[in-house]
């Protein structure tokens with residue numbers, strides 16, 4: 001079977017969704033700039049070789065509608081001979097884009113793909129136009145469509161305290177801020193034009209969402225937002241609302257070597273799994289177990305892990321049940337996560353994978369895992385191997 005490899009991976013800075021640096025920048029522009037960036041960074045690649053552009057996006061309406069993958073690829077000047085498709089696996093959309101490209105390569109259906117994802121949550125809110133079928137109530141509780149309440153449920157089932165959640169959130173901001181000031185995000189962030197608070201055009205080179213001032217005391221002052229009476233999940237222990245995009249150049253290994261392109265990682269295994277929608281945040285556990293089995297490894301073999309922080313209350317049960325509680329500070333989300341950086345839905349899968357690959361290089365690691373939960377009860381996971 002042919003091997004799928006990551007040649008390059010980049011992301012935009014993460015902008016605040018409320019009056020942030022990308023308030024005047026459209027989702028198609030964020031996407032197109034990354035597509036152009038991949039080609040500029042890899043001049044050996046003839047753009048005419050691109051088979052397909054596979055782009056994750058959840059709210060496919062307004063500026064994100066009518067196949068944003070194609071709109072952005074045309075904006076980027078990618079040859080019209082390349083295909084383009086927008087995919088939606090909710091939070092796992094751009095990781096699913098990775099999987100789609102990898103499967104195509106492994107089965108001989110193309111050897112050069114640009115993949116990624118975007119979500120401009122400031123322009124297209126997560127709940128915009130959502131209308132669940134009334135018949136779903138026969139199988140799924142109404143609260144299962146409210147992600148914060150599913151996090152409350154998962155936290156209660158696993159005995160996760162408010163203090164544990166607050167500590168996890170503080171860690172996320174501290175780690176992300178340290179990664180910023182120490183330049184550890186510099187390799188993955190591709191600067192994008194935006195606007196400062198006064199409306200002046202600027203080149204955005206750092207994440208806007210991180211709050212380094214976050215402390216246990218400041219989080220303790222926040223009220224539960226989803227279950228105000230009995231809940232423990234606050235805005236501070238939930239992923240921030242942010243705008244951003246991520247992108248990868250994925251190729252068949254021998255093709256990349258023939259063009260003298262760098263091979264940053266190989267896709268070792270992939271998996272998706274379902275779980276009860278009421279505890280959607282538990283999805284990374286069965287998805288990871290599948291991916292590890294397919295790779296022929298155990299969780300102990302993993303050197304670095306990126307677990308998307310949708311909520312602290314869902315991340316901590318996954319850490320516990322995957323047997324990772326003792327290695328959090330050594331292996332998991334070493335540069336912070338979505339609580340600090342935000343979770344632009346269609347962007348996050350390729351974003352955490354990009355961060356993972358850079359961490360693997362920094363630590364000279366061999367095996368890494370990127371995994372995330374998905375609304376309405378799914379999980380997705382990818383094992384990467386440096387070669």
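Yeah, the Cβs are placed from backbone N, Cα and C, and that goes for glycine too.
Feature annotations, reproduced from Swiss-Prot:
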ACT_SITE  91  active site, acyl-thioester intermediate
ACT_SITE  343  active site, proton acceptor
ACT_SITE  373  active site, proton acceptor
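Features per Swiss-Prot, on structure.
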residue: 91; record: active site, acyl-thioester intermediate; DSSP class: strand
residue: 343; record: active site, proton acceptor; DSSP class: coil
residue: 373; record: active site, proton acceptor; DSSP class: strand
Integer Cα-Cα distance in angstrom, residue 373 (active site, proton acceptor) to residue 343 (active site, proton acceptor): 12
Cβ neighbours of residue 343 (active site, proton acceptor) where a neighbour is any other Cβ within 10 Å: 28
Local Cβ density at residue 373 (active site, proton acceptor) - other Cβ atoms counted within 10 Å: 32
Inter-residue Cα distance where the pair is residue 343 (active site, proton acceptor) and residue 91 (active site, acyl-thioester intermediate), in Å: 8
Cβ neighbour count (within 10 Å, all chains shown) around residue 91 (active site, acyl-thioester intermediate): 32
